[in-house]
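Contents: one structure, followed by commentary.
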Amino acid sequence: MDENRTLRNLKLLSILTVLFIVYNTLIPFKPYLELWKIARNLGRVELVPFIARGRLNPLTDLVGNVILFVPFGFFLALYFIHLKQTLKVQRVVLLGFLLSLSIEILQIGFRYRTPSVTDLITNTFGTFLGVVLAKLYFKKFEQKLKTLLHHILENEPITLILLLILLVQFFASMLPFNVTITVSDLKKAIAYTNIQPFGFKPLGQMLNAHLKYLDRFSFSKIDFLGNALFYLIFGYLVLYSYFQYWRKKRLGKLIVFALLFVYFPVLEITQFFIKSRFSDVNDIISGYLGAWSGAIIFLLVKKKEWFHNGSKIVLRHFTVPIMIYLIYIFYKGFSPFNFSLQHDVLSLNLKTRYLVPFYAYYKVTSLWNIYDLLESFFWLMPLGFILAYWLNEQKRLNQAYQIGFVIGLLFSLIIEGSQLFLPTRTGDITDVIFMTMGSLLGVYLFNYYNENYLQKSEPSEFIKSLSKS
C-alpha cells in the first residue's frame, strides 16, 4: 500500500514537473501567426553554447536552467527505481533531452522566446544531475532520512521546524550562489561590510578605500524590524525545544548557545564568499534582538505542566509565535508601507499581464525567480498546518482542505491586492496561486502527522518497518 502510494506520488510529481517546465518556458504564450516571423526567429537561434547576443550567459541563468530540470530527472528516476525496474540513466537523460528539445523547437514559434543550444545543454545536464541525486538518495539516504524523520516527528517535532528555518535562511543568504574564494573578491567583500549599527558605513569607507555605488545602499528600518520579527519566532522555538527535548541531553546547552549566539555572526561571515552580497552588522543585531526577545518571552509565558505531556505538539503552547507569524506575513506583505492612490501607481500595477500565471518569471529562469516561487509556496504553509490542527481539536478536520483553501486564498488576495497601491511592489496572480497551494500543503502535512503520530496508539506497519531497518 505504501509503495503504491509512493509510486502514485512520484508519477504525479513527474507530471507536474513537466507541466511546470513547459508552462514556464513558453509564457506569455504569444505565438507568431505569420510564417516570416517564425522564419526570423529561426534565424535568431543561439547555436554557440554559453553565448547569448555576443556575451557570455550570466552564471545565475545557467544555474537556474540546470535547476529547472533537476526535479524532472530526480522524480522520474525515483519512479523507475520504485517501479522495481532497472534504472537506465541514459533513458531518463534522453527523456530530459527530448523534453528540452521539444520546448526549444516550440519556442521558435513564440514571441519573446529565443531557442538556444545553451538551454538544451543545461537542461539535459540538469536532468542528469537529478538522476545522479536520485540514485544517491535511494541508495544512501532514503531509508536513513525516513528513519530520522520518523524519530524527529515522533519525539522532537519542533526541532524539525527549527531545522527547516535554518535551512531556508542559509539558502536565502547564499543566493545567487556565485561563490568566490579569490583574494581580491574577499578584500572587496570586507571593504563593503557595513559596521555601523542602525546606519550604513562600510569598513572600506572608514579606511578611505575607493568604493563604488554606495548610493545604492542604506539602512532600512523596515527590513531590520522584519528580520527581528522572524527571529523572534526562532528564539521562542529554540528555548521551547531546549526545555522539551534537549535539557537532559549532554549537548543541550551547547546547541542553545550555538543557535542564539554563534549562528548570526557565522551567517554573515559566509557572505564574504558570495560575490554579489555583503555582510551587515545590522543583520546580526536584528537577529540577536529578535531571537533573544523570543527567548525572553518564552521564559515569561512558559508553564511547568507544558513539559509533562510527552513530545506531541500542543497548539496553546505556541500562541505567541503564532501571533507573531501572522503579524510577520502581513508586515512583509505590506512593506514598505508607502501606499499611494495616485493614478499612475494603479495604472502601472493594474495590467492584465499580471493575471497570467508566471508572467513575471518568464523572461529569464534564474535562481532568484525559483527562490521567489518557493518563498511564496511556503509562505502560508504554517498557516495551513495551524488551521488544520485547530480544526482537528474542534472535530472538524474533514473541512480542513476547504477552509484551508478559502483562508489561504483570502490571505494571499489581501497581501497581493495591497501591493497594487505600492509603487515599489507588484501584485501577481502567481503568488496568489502559490500561497494558496502552500496553505493546502500545510493541511496535508498536518493530516500526515495526525494519521501517523497523533491518532495512533502504536506506530503503523510502515513506521515499524523504518524502525527495524
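Placement of Cβ uses the backbone N, Cα and C atoms for every residue, glycine included.
These come from TrEMBL:
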type     : residues : note
TRANSMEM : 12-29    : transmembrane segment
DOMAIN   : 16-136   : domain 'VanZ-like'
TRANSMEM : 62-81    : transmembrane segment
TRANSMEM : 93-114   : transmembrane segment
TRANSMEM : 120-138  : transmembrane segment
TRANSMEM : 158-177  : transmembrane segment
DOMAIN   : 161-301  : domain 'VanZ-like'
TRANSMEM : 224-242  : transmembrane segment
TRANSMEM : 254-273  : transmembrane segment
TRANSMEM : 285-301  : transmembrane segment
TRANSMEM : 313-331  : transmembrane segment
DOMAIN   : 323-447  : domain 'VanZ-like'
TRANSMEM : 373-391  : transmembrane segment
TRANSMEM : 403-423  : transmembrane segment
TRANSMEM : 429-449  : transmembrane segment
Q: Mark yes when the transmembrane segment (158-177) and the transmembrane segment (254-273) have three or more Cβ pairs under 8 Å (sequence separation 6 or more) and no when they do not.
A: yes
Q) When each of 62-81, 93-114, 120-138, 373-391, 403-423 is checked against the transmembrane segment (429-449) for Cβ pairs under 8 Å, which one has the most? A) 373-391
Q. What else in the chain is close to the transmembrane segment (373-391), if you only count residues 6 or more beyond its ends and a Cβ gap under 8 Å?
A. 168, 313, 315, 322, 325-326, 329, 361, 397, 399-400, 403-404, 407-408, 411-412, 430-431, 434-447, 450
(Q) On average, what pLDDT score does this prediction assign to the domain 'VanZ-like' (161-301)? (A) 88
(Q) Is it possible to list how many residues within the domain 'VanZ-like' (16-136) are helical, extended or coil according to DSSP? (A) 82 helix, 8 strand, 31 coil
**Q.** DSSP helix/strand/coil residue counts for the domain 'VanZ-like' (161-301)
**A.** 99 helix, 5 strand, 37 coil
